[in-house]
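Student: Look at Swiss-Prot and you will find A2 tagged as N-acetylalanine. For 411-561, the entry in Swiss-Prot reads repeat 'CHCR 1'. Residues or ranges marked as repeat 'CHCR 2' in Swiss-Prot: 572-736. The coiled coil annotation in Swiss-Prot covers 772-813, and the record cites sequence analysis as its basis. Residues or ranges marked as phosphoserine in Swiss-Prot (evidence: similarity to another entry): S813, S924. Taken from Swiss-Prot, the feature zinc finger applies to 822-861, supported by sequence analysis. Here Swiss-Prot flags R904 as omega-N-methylarginine.
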Amino acid sequence: MAAYLQWRRFVFFEKELVKEPLGNDGAAPGAAPVSGSAASKFLCLPPGITVCDSGRGSLVFGDMEGQIWFLPRSLQLTGFQAYKLRVTHLYQLKQHNILASVGEDEEGINPLVKIWNLEKRDGGNPLCTRIFPAIPGTEPTVVSCLTVHENLNFMAIGFTDGSVTLNKGDITRDRHSKTQILHKGNYPVTGLAFRQAGKTTHLFVVTTENVQSYIVSGKDYPRVELDTHGCGLRCSALSDPSQDLQFIVAGDECVYLYQPDERGPCFAFEGHKLIVHWFRGYLVIVSRDRKVSPKSEFTSRDSQNSDKQILNIYDLCNKFIAYSAGFEDIVDVLAEWGSLYVLTRDGRVHALQEKDTQTKLEMLFKKNLFEMAINLAKSQHLDSDGLAQIFMQYGDHLYSKGNHDGAVQQYIRTIGKLEPSYVIRKFLDAQRIHNLTAYLQTLHRQSLANADHTTLLLNCYTKLKDSSKLEEFIKTKSESEVHFDVETAIKVLRQAGYYSHALYLAENHAHHEWYLKIQLEDIKNYQEALRYIGKLPFEQAESNMKRYGKTLMHHIPEQTTQLLKGLCTDYRPSLEGRGDREALSCRASSEEFIPIFANNPRELKAFLEHMSEVQPDSPQGIYDTLLELRLQNWAHEKDPQAKEKLHAEAISLLKSGRFCDVFDKALVLCQMHDFQDGVLYLYEQGKLFQQIMHYHMQHEQYRQVIAVCERHGEQEPSLWEQALSYFARKEEDCKEYVAAVLRHIENKSLMPPLLVVQTLAHNSTATLSIIRDYLVQKLQKQSQQIAQDELRVRRYREETTRIRQEIQELKASPKIFQKTKCSICNSALELPSVHFLCGHSFHQHCFESYSESDADCPTCLPENRKVMDMIRAQEQKRDLHDQFQHQLKCSNDSFSVIADYFGRGVFNKLTLLTDPPTARLTPSLEAGLQRDLLMHSRRGT
């Protein structure tokens with residue numbers, strides 16, 4: 001009783017009498033019940049109604065005259081005669097338009113069960129598909145209750161003698177249905193209800209003294225005794241899924257809830273219960289104040305007609321009374337069209353319409369019953385936005401009352417719906433920092449925090465100096481559990497001086513740049529920073545060494561150089577405790593790390609030498625820098641032995657073949673550092689023999705000048721001419737070197753004698769004795785050449801005379817052909833045959849097979865063709881000479897004409913293999929052309 005009295009009472013339903021429509025035409029079928037002032041009068045039901053039910057859009061009534069009445073939503077009452085005497089029980093199925101009824105057609109105790117198909121008509125009335133006696137045996141007994149399963153396969157009938165019959169099969173047909181006695185007892189059956197759970201069907205049976213359940217979907221119908229007290233008629237009901245389909249039994253002391261196999265909770269609702277219903281999550285109980293034995297329900301119903309009755313609507317989930325009102329002589333309570341309808345003995349129908357959720361919530365808000373409002377909203381399945389609004393109002397209420405701890409808990413429940421800044425502004429006061437911390441923690445746990453929220457939360461931790469909470473916040477087990485922006489957290493912790501926490505975040509979440517910044521800029525732990533870089537993957541190790549390499553080189557040069565060597569050769573991360581190290585090694589470009597070694601030449605030299613040895617295919621910049629470094633060391637070295645060693649190293653590097661493509665750069669480096677041996681070596685490699693010669697000339701190294709000429713004179717003969725000119729200008733006694741040069745010039749015929757004499761004439765110390773031997777040898781050679789030319793001329797003349805005689809003989813004398821063999825096949829000559837004046841004879845078929853022309857001898861044709869080609873070439877040159885002379889005379893710019901002919905290769909020497917008599921024509925033509933060219937050029941100048 002105490003618990004019941006503590007339940008709050010509300011008016012969540014509106015009551016009004018149902019009124020008749022304006023007229024027969026005033027309401028269309030399916031229209032809402034008319035209950036306003038426009039109605040003419042209140043609706044009045046027929047008298048003598050004994051039983052009621054509802055479903056399929058209608059209220060169904062049975063009366064003492066045997067009629068069944070239907071009241072649809074249009075409030076147009078219709079009925080038909082179902083029994084001859086009276087109707088005692090009705091059950092309207094909710095999923096099928098089937099009505100089951102129990103009544104009497106004759107006097108005595110002989111109740112009949114009728115099944116009506118309301119969708120089919122028989123003479124204007126619903127079709128009765130089945131009629132059978134309710135009593136299974138011969139002993140008369142009164143039906144006390146009736147229930148039907150929605151699948152139409154089960155129907156149970158309870159009797160006052162304590163028995164229960166079960167109809168199994170299609171209840172609408174006799175031949176498909178089987179009736180058997182399920183239960184026998186000593187107490188009247190007051191309530192029945194089917195409960196479906198999966199494929200299992202239970203039947204609850206309640207009497208005045210006990211509660212039981214049966215499994216009717218299987219064999220043997222196992223029974224479970226649930227309780228040893230029962231209830232009166234119409235004081236039991238089955239709840240909806242919101243209460244897990246529990247069977248409700250309302251006794252005078254308590255209301256009990258049952259599962260098929262056990263008893264559930266109970267509620268201390270005192271008072272004599274008359275009617276129990278379940279409506280949309282509410283328990284509806286009609287009771288009266290004075291206590292009457294439940295057994296009197298079977299003996300003296302009329303004695304109750306004048307009693308005052310109270311209807312209470314209970315919300316069992318939220319533990320409040322949603323409505324309570326008194327009525328006179330309630331016949332029954334029905335639920336249809338989303339409302340409750342209370343039928344009273346005077347024929348009136350009272351409608352109880354539930355208020356909308358928002359109205360109910362506002363009523364609770366006015367009384368500051370926020371917890372109850374929250375529970376109500378959840379039971380009414382209010383959406384998350386609506387719930388968040390309630391949480392916010394509840395939080396505001398608690399905050400205004402000074403209950404900040406409670407307020408923040410409500411604000412936490414709004415996360416995801418309410419803008420966080422609304423809550424944060426309320427708790428920014430330093431005294432409420434722990435509440436703000438709790439809110440921000442939850443915001444992060446739900447992954448709804450931004451960078452500003454993370455910053456604020458970490459600042460709260462640091463102000464509270466709560467290291468344990470801080471560590472708990474940042475030390476998550478996995479990446480998926482991180483509910484904050486890691487980079488923001490690192491920044492805040494670093495700024496607050498929590499370096500170890502910032503390092504933990506940076507290392508565990510792979511923020512390598514932040515980790516190195518803190519180690520190098522804040523903690524100055526260079527060794528640890530270098531170790532950390534050494535265990536990173538290749539790409540990240542490379543980028544971080546480029547970024548922080550100079551700093552590390554400045555403080556720990558040797559260790560940094562060692563890491564760079566590995567990074568550029570065969571890098572493998574030094575990951576502790578990890579067995580699956582990278583299978584493929586990576587290699588960085590060593591040239592890109594050279595700037596890191598600024599102001600560290602010793603480490604740079606070690607790095608470059610290591611790369612050149614271990615990785616011969618290193619970038620060219622490595623070798624260029626190494627050469628420059630060695631030349632600098634050589635130039636600044638004072639110790640002779642060390643300088644000699646550096647000299648050898650520099651020369652060795654130059655001879656390594658790495659500077660072929662960057663010859664100019666290496667040459668500039670050697671010249672900048674005055675490394676003469678390197679300069680000369682590069683000159684020689686670049687075939688710059690003139691520069692080598694000039695170098696020795698500048699340093700008056702006579703023997704080296706001669707050596708250069710001897711070594712490279714074959715490739716560049718002009719070196720001897722330059723050497724002769726050089727020695728000729730020397731006022732010193734250079735006879736030995738001049739003689740050596742002249743010997744080579746004379747042997748190779750490199751210069752005309754006249755030019756040699758003119759060159760030596762510039763030397764005032766040179767005498768005729770220097771070139772006497774040269775001139776004598778030259779004159780002797782020319783004399784020999786003249787003798788050979790004269791001999792050749794005589795031979796050409798004799799040959800010419802002989803040929804002329806042959807030509808004359810051919811013209812004047814007959815030619816006798818005496819050849820007996822073919823000149824081609826060398827077989828005996830047979831007719832027909834072909835003869836030529838040259839003396840060759842051929843078979844006709846051989847001649848036709850081998851000759852290119854009928855007028856030419858196949859044997860003489862190759863030699864004749866050479867002569868003809870030479871003649872044509874001479875004719876072309878003669879024509880070209882005439883054309884050249886004409887253009888030269890007509891042009892204002894003679895030099896342009898000459899240059900054009902030179903460019904076209906006109907003056908190139910034409911070489912032909914000809915007979916000796918014709919050879920002398922070409923030199924004369926060329927000599928004449930060149931002589932005319934020179935003369936004309938002189939006149940032009």
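Each residue, glycine too, has its Cβ placed from N, Cα and C.
Looking at the shown structure, what environment does each listed feature sit in?
Tutor: The average per-residue pLDDT of the prediction over the repeat 'CHCR 2' (572-736) is 73, rounded to a whole number.
Counting Cβ atoms from all protein chains shown, S813 (phosphoserine) has 8 others lying within 10 Å of its own Cβ.
Same-chain residues lying 6+ beyond the ends of the zinc finger (822-861) with a Cβ under 8 Å from its Cβ atoms: 810, 815.
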Student: So how many of the residues in the zinc finger (822-861) end up helix, strand or coil by DSSP?
Tutor: 8 helix, 7 strand, 25 coil
Student: Can you check what DSSP calls S813 (phosphoserine), collapsed to helix, strand or coil?
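Tutor: Where S813 (phosphoserine) sits, the three-state DSSP reduction gives coil.
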